């Protein structure tokens, strides 16, 4: 009981730990919801080049995750810990690169390379923050219940971070909407691009400048929050070396870590299930602003609809935490994520109605909360199971977390690139006040049919995941027995050494 008391985390520590998850979600939400429409309508890039930026940026981000995880596993322990230095040193450079993503350079050529380079740099630096932060879950306590509780705090703050990202970016940018351009229906298709160029030149450039300034102001506010959250995490959380076996001095090779990750069956099955469900919500996130603006016709309301989704998700995180402790994590997956399906169908089938859209947004937020909480709550269970199967293999926690993020981000990049290319093929018109019917149909598929199919496939694959509540309790007891055996062995060795002396 005394040992369990020492392992318990204070509410202050849990809150400070949870605050560290906000920067990734605030910036990720702002980029996820607004980067596509920013590149198309504010920076005025061709949809083809915008798709390249979105795909390459996410794919690069996916590649850096396992690399950072590998380097973390090779990092020696310092008096500040092994993970904290990565978090602190990457923060100022990440904030600078994030701001430059939302800056429109005054150059006629090279804009595509500007956004591609700084998007990739930011993704690399935010990976240097988020991968060690994710692995920090295993180093704040050895008690599974304390880690689950801290994860619930973290998910609540992270979803609150998405609310902040949506509110800051949406409300600031929404006050300075970019001017739209009426479609040149009176001109043949062969000359439509020339007509659009002429209309761009005669349009009110002052309003577009205000919109660009609004994006930079939002980036500055979000960058300040990024730094504040990193400082709170640094001050309020202590990385405990004894909470895990990461302090092993044996070198961990990249290939060895990759082989262990790929051979652990529960880990692969967990990834397979959440890979497709995460893709569903990422498709919805990436295209929802365009869907609200053009298909539903709510050009001046889409930021408020996004805010309704995120607020609903934030308020229901405690509900899902109670649900998973009462009925089990697998049951929470089925109930929570599948609840989004009827509402995704409804928003595409019904005619444009603002009240119905808000109702659907609130209901979808409940499912978004489950999708946020459950993957990160279940991953420590997989690592505990791995430790029981490989008791002599240490130091792979960061690799497990980084590869988990790798698969999700890489497929996310593919889906974002394909969705933007689909809009290009459908005839998307940059800064148009309306879009062709083909574009509206494509947007409906991207925010309704495709996510529903991915959710159903993910839930079907998740049936194979072997760690249910009974298995989880057995693993917890087995780990406690191993620790008690290790502690008693250590105490006997110390007693024997003292008698010799």
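Backbone N, Cα and C define each Cβ position, glycine as well.
These figures come from a predicted structure and were not determined experimentally.
For reference, TrEMBL has these:
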TRANSMEM  15-39  transmembrane segment
TRANSMEM  83-105  transmembrane segment
TRANSMEM  112-133  transmembrane segment
TRANSMEM  214-237  transmembrane segment
TRANSMEM  267-284  transmembrane segment
TRANSMEM  304-324  transmembrane segment
TRANSMEM  331-349  transmembrane segment
TRANSMEM  355-377  transmembrane segment
TRANSMEM  398-421  transmembrane segment
TRANSMEM  441-465  transmembrane segment
COMPBIAS  476-486  compositional bias 'Basic and acidic residues'
REGION    476-501  region 'Disordered'
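Counting Cβ pairs closer than 8 Å and at least 6 residues apart in sequence, the transmembrane segment (355-377) and the transmembrane segment (112-133) reach fewer than three and form no contact.
Contact between the transmembrane segment (441-465) and the transmembrane segment (267-284) holds: at least three of their C-beta pairs are under 8 Å, each pair 6 or more apart in sequence. Note: the compositional bias 'Basic and acidic residues' (476-486) comprises 11 helix, 0 strand, 0 coil (DSSP; helix = H, G, I, strand = E, B).
For the transmembrane segment (214-237), the residues of the chain that approach it from at least six positions outside its boundaries are 12-13, 15-17, 19-20, 22-23, 26-27, 30, 34, 38, 42, 84, 87-88, 91-92, 94-96, 98-99, 101-103, 129, 133, 136, 140, 164-165, 168-169, 172-173, 175-176, judged by C-beta separation under 8 angstroms. If one looks beyond the transmembrane segment (112-133) by at least 6 residues along the same chain, the residues whose Cβ comes under 8 Å of a Cβ in the stretch are 20-21, 23-24, 27-28, 39, 43, 45, 49, 52-53, 56-58, 60-61, 64-65, 68-69, 72, 82-84, 86-87, 89-91, 93-94, 97-98, 100-101, 105, 230, 233, 398, 401-402, 405.
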